[in-house]
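Participant: The Mg(2+) 3 binding site annotation in TrEMBL covers B:28, B:73, B:191. According to TrEMBL, the Mg(2+) 4 binding site annotation covers B:28, B:42, B:73. Per TrEMBL, Mg(2+) 1 binding site is recorded for B:43, B:44, B:120. Residues annotated as Mg(2+) 2 binding site in TrEMBL: B:44, B:73. Residues annotated as substrate binding site in TrEMBL: B:51, B:244, B:295. The annotation ATP binding site is assigned in TrEMBL to B:102, B:119, B:120, B:144, B:193. Here TrEMBL flags B:194 as Mg(2+) 5 binding site. According to TrEMBL, the domain 'PurM-like N-terminal' annotation covers B:26-137. For B:164-278, the entry in TrEMBL reads domain 'PurM-like C-terminal'.
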């Protein structure tokens with residue numbers, strides 16, 4: 001972790017004590033107390049012009065998003081966040097960019113009590129690049145491969161149209177994942193980053209089963225409806241295909257599914273069931289094949 | 001860890017089993033078995049044009065370096081590497097870049113038996129950016145703050161002139177650090193990334209003491225001598241000021257220091273002693289102040 005300047009000074013100045021942080025920024029590595037559960041590790045890199053447009057959204061919201069997308073990956077496995085490290089390449093010549101970016105990162109991390117334990121701050125002639133690595137713990141991590149035919153499928157929130165703002169302002173479903181994990185046996189789970197149809201397809205591939213979604217049951221975000229005014233798609237198509245909702249989609253047994261409908265520990269929507277084979281959407285009793293193409297990173 | 005394509009496929013194809021990897025790439029996070037020691041975490045981002053010139057050195061050597069600089073930070077605290085994750089922004093349009101970069105990363109990781117457990121692969125219109133996060137373990141991490149007046153100072157190899165090639169081809173001193181940690185009580189240690197005088201100064205600041213270096217005792221790399229032909233500096237100035245040697249500098253008690261000279265477990269050079277105050281270099285019995293300016297990342 002060489003080349004630090006401002007970030008490390010700011011991190012050192014953080015006041016909230018954290019019992020897990022044995023050694024914080026200032027040595028060559030951070031050190032955390034071990035714990036008893038498996039470590040979870042995830043990393044995501046965001047680049048100006050690809051994952052955000054810095055000139056439009058500003059560095060604070062980029063910081064929020066860079067932190068949140070990583071915490072969302074921990075949520076997808078029902079992990080408790082333990083800490084993060086942050087690497088950045090800052091475009092030269094903007095004195096306040098690093099500070100505002102850091103404040104966004106800290107705001108999101110603080111809202112989950114997660115310490116930023118280290119980083120690597122660089123400047124260069126290129127556009128802003130930020131890479132966050134988050135680590136957490138889960139005694140029983142929830143994977144993608146445990147869904148079974150007959151399982152019920154749920155999502156934690158309305159979907160589609162996140163490009164209008166939600167992709168920058170979402171709340172990673174850490175708390176929801178932990179509550180669900182306490183309440184029911186989560187057979188498989190993923191966070192929706194590439195789009196419902198694409199990410200659910202990852203679960204189906206890993207679990208070697210199929211699914212039927214009920215079009216009328218899929219919760220559609222207001223933004224998805226707004227977006228139809230400027231797109232050639234229906235609200236449902238936006239809900240199925242748009243990326244970066246960062247809600248969770250998960251599979252549970254029918255018994256657990258009924259329990260969730262009866263006494264929901266957090267807001268959930270039942271959207272379909274797992275079947276032995278195929279990938280289908282049912283609309284007014286008509287079943288047609290569903291294509292697992294979600295949002296694709298602009299290339 | 002969304003947006004993966006080739007890297008994750010390659011990582012999935014890795015054949016060496018590793019008992020610590022509970023869940024590898026393919027889920028939202030990697031999961032590692034917990035162990036009993038504190039976790040060490042470090043991250044370093046390298047950018048084309050700043051840390052390397054891709055067109056001159058090629059992607060394989062960039063991969064070697066990006067992995068090695070992170071392992072060197074683990075070495076600095078006498079950590080055992082447990083795993084790494086890698087994020088990259090690949091410039092669009094070069095089909096073999098990602099593969100060759102990955103082979104360099106794997107070659108260096110394999111030489112220390114470290115699994116690459118996950119990553120995030122992106123492409124964009126900008127230059128190559130690569131961010132590695134390495135995690136390890138150390139029952140007793142060696143910090144920067146334990147040097148005492150009277151301690152002897154050692155380095156693990158000749159210094160200076162790394163810009164001629166060593167900065168791309170070095171071996172992180174993981175094995176040496178572990179051997180030294182078994183043999184003596186390492187009071188303080190750091191890896192030389194910014195230059196001997198700058199990095200030793202970090203130890204002195206954290207330990208609140210001073211040091212005297214013996215000019216004649218500092219091992220000077222052949223490259224430092226070569227470099228004088230095109231620079232206005234002496235070989236000693238290169239050894240003191242050049243960055244990216246990635247050797248270790250450390251402090252031990254005089255008793256342990258004598259033990260290291262008598263029966264060195266690895267190659268070491270005694271370069272000076274810690275004193276109560278000040279930062280000095282002694283040449284032919286003349287003592288003059290040493291300035292803690294090492295190599296500065298080109299800005």
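FYI, residue positions are counted from 1 along the chain as it appears here.
Cβ atoms are placed via backbone N, Cα and C, with glycine included.
What's the neighbourhood like for each of these?
Facilitator: Close to residue B:73 (Mg(2+) 3 binding site) in the fold, though at least 6 residues off in sequence, lie B:42, B:44, B:134, B:191, each with a CB less than 8 Å from its CB.
Residue B:120 (Mg(2+) 1 binding site) falls within a strand segment according to DSSP. Its Cβ placed at the centre, residue B:120 (Mg(2+) 1 binding site) has 27 other Cβ atoms within 10 Å.
In three-state terms derived from DSSP, residue B:244 (substrate binding site) belongs to neither a helical nor a strand segment and is classed as coil.
Break the domain 'PurM-like C-terminal' (B:164-278) down by DSSP state and the numbers are 52 helix, 22 strand, 41 coil.
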Participant: Determine, to the nearest whole angstrom, how far the Cα atom of residue B:51 (substrate binding site) is from the Cα atom of residue B:193 (ATP binding site).
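Facilitator: So the alpha carbons of residue B:51 (substrate binding site) and residue B:193 (ATP binding site) sit roughly 12 Å from each other.
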Participant: Given the binding-site residues B:43, B:119, B:193, B:194, B:244, which one's Cα is the least distant from that of residue B:28 (Mg(2+) 3 binding site)?
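Facilitator: Spatially nearest to residue B:28 (Mg(2+) 3 binding site) by Cα position is B:119.
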Participant: I'd like to know which binding-site residues lie near chain A: of B:102, B:191, B:244, which have a CB under 8 A from one of its CB atoms?
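Facilitator: Listed binding-site residues meeting the cut-off: B:191.
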Participant: Which one of these binding-site residues, B:28, B:44, B:191, B:194, has the sparsest Cβ neighbourhood, judged by other Cβ atoms within 10 angstroms?
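Facilitator: Fewest other Cβ atoms within 10 Å, among the binding-site residues B:28, B:44, B:191, B:194, is found for B:194.
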Participant: Take the Cβ of residue B:193 (ATP binding site) and count every other Cβ within 10 Å, whichever protein chain it belongs to.
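Facilitator: That number is 25.
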Participant: What are the DSSP helix/strand/coil residue counts across the domain 'PurM-like N-terminal' (B:26-137)?
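Facilitator: Residue counts in helix, strand and coil order: 37 helix, 45 strand, 30 coil.
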Participant: Would you kindly give the Cα-Cα distance separating residue B:194 (Mg(2+) 5 binding site) and residue B:144 (ATP binding site), rounded to the nearest Å?
Facilitator: 15
